[in-house]
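Now, the feature entries from TrEMBL:
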- 310-340: transmembrane segment (TRANSMEM)
- 352-376: transmembrane segment (TRANSMEM)
- 396-419: transmembrane segment (TRANSMEM)
- 426-445: transmembrane segment (TRANSMEM)
- 457-475: transmembrane segment (TRANSMEM)
- 540-563: transmembrane segment (TRANSMEM)
């Protein structure tokens, strides 16, 4: 896991070479362009393709069934394809809305039967008024002066028709609005709409064979816009031009070879302290899954460190502690296997799949360690019981574990920051925070028992004192080796200001108690639903049904809540608490000038 070192590359050529060179650099695809033309007012270039083409491509890609791509593109007419796709999309939306309305109308009309409402003239100005009246309110209709009739009954409602020229005012329930069309007509229209939707679906499937040509057309359009934008960022002279950008240092040979083949001038410079290069992350293996979790929230500065590997492992552990159940973890692993192939459709999803595997493995391992299987404990004397090594019901122990994990996590954050500040006196301030965190932990553990642990208390006191002194003396960016008492005074003031972070450190460490609290909540909910299931199963008849509902709904809800809590709070502890200590500065992503069309 690393941030790729980059170099500042400048290419010089004659004016007539400009477009050829830019096309070649776009083909090379390793340059993050810089703007050398400050005098020009750059305006965002619009794509030569209409937004409709991108919308059509997105709609085709979302189709669940894809036909084999065509190899001969001679018959591809982009305007016709885009028009057909958008027409299908619009028709499907309209028909789907009508389908939903028809289903609702049929469900409402079905208890009343199949009939055609008479016109007002046929009844001499009288109208039919429809009401679904609960059986216990049916007696209140006896005082109604208008004619009424019960036309149908079911276990909850009696379906009443009132004949009156005006809306009855003393009805116990609101009026039921029925569609004016007969039930048979609604059902026929429903069948027609479903047939039309099916036909549109297969038309959409047939058009998926044009996904590749349409994608290539859009890619070529984006490439053209990118080249025009790049042409506006070059330095231009009547006889020459220059283009500059950041490139990975590993690509220097390819760039030098490109310059030689085009007879270009070339300079390659290592970034200086005044430069602010873009950040290019390069991770393989396990850390690749953590990279997406990092870039989801922030981009590390170029001179910082890459936290992808740390986030990969810490997020997996935090998620496991929040789920805190091996049964739920195995269910999560089952769903992961079920959708394994879907998670392999793109490079980004494949990298995230590695993180999902780590989450499932960590959750199963931690669930076994705390001895929870859908809220049940393993049988005494079994193999699983011997693997039950953490008593999750011991509040003191779990709070100590959560706080210790928080201290270790924040200590790693400060060590990472110290690495970023290596060979700077401020590195010692980060070491000071590490000492203060472990000192405070030892001091707290030493005093938390029934009998004070003097060795822990003494060790914690010394570490805490050394840490605070280091933060006080080395938190300033002002020069250390100076004979100016004024500068040293300012350094001390900066140190005192930095010591206000003690309260932040204390609050951040306590924030890790959510690992214990959420895990406990998940376990308590699982146990509660198990108790409800047992009590319901004791009832004869409907009790078995209630037991099934309690199991499926209760554990299903708890499973979803555990996943949501694991994702939200696992990311929060990494992206807020951890990053606030380890990544004080934010960078910007490396955006290569490359070709999208393939």
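Every residue, even glycine, has its Cβ placed from backbone N, Cα and C.
The recorded stretches the transmembrane segment (310-340) and the transmembrane segment (426-445) do not share 3+ CB pairs below 8 A when only pairs 6 or more apart in sequence are counted, and are therefore not in contact. Long-range contacts of the transmembrane segment (396-419) within the same chain, counting only residues at least 6 positions beyond its ends with a Cβ under 8 Å from a Cβ of the stretch, are 305, 307, 310, 314, 317, 321, 390, 427, 430-431, 433-434, 437-438, 440-441, 444-445, 448, 505, 508-516, 519-520, 573, 577-579, 581-584. Of the ranges 352-376, 457-475, 540-563, the one with the most Cβ pairs under 8 Å to the transmembrane segment (426-445) is 457-475.
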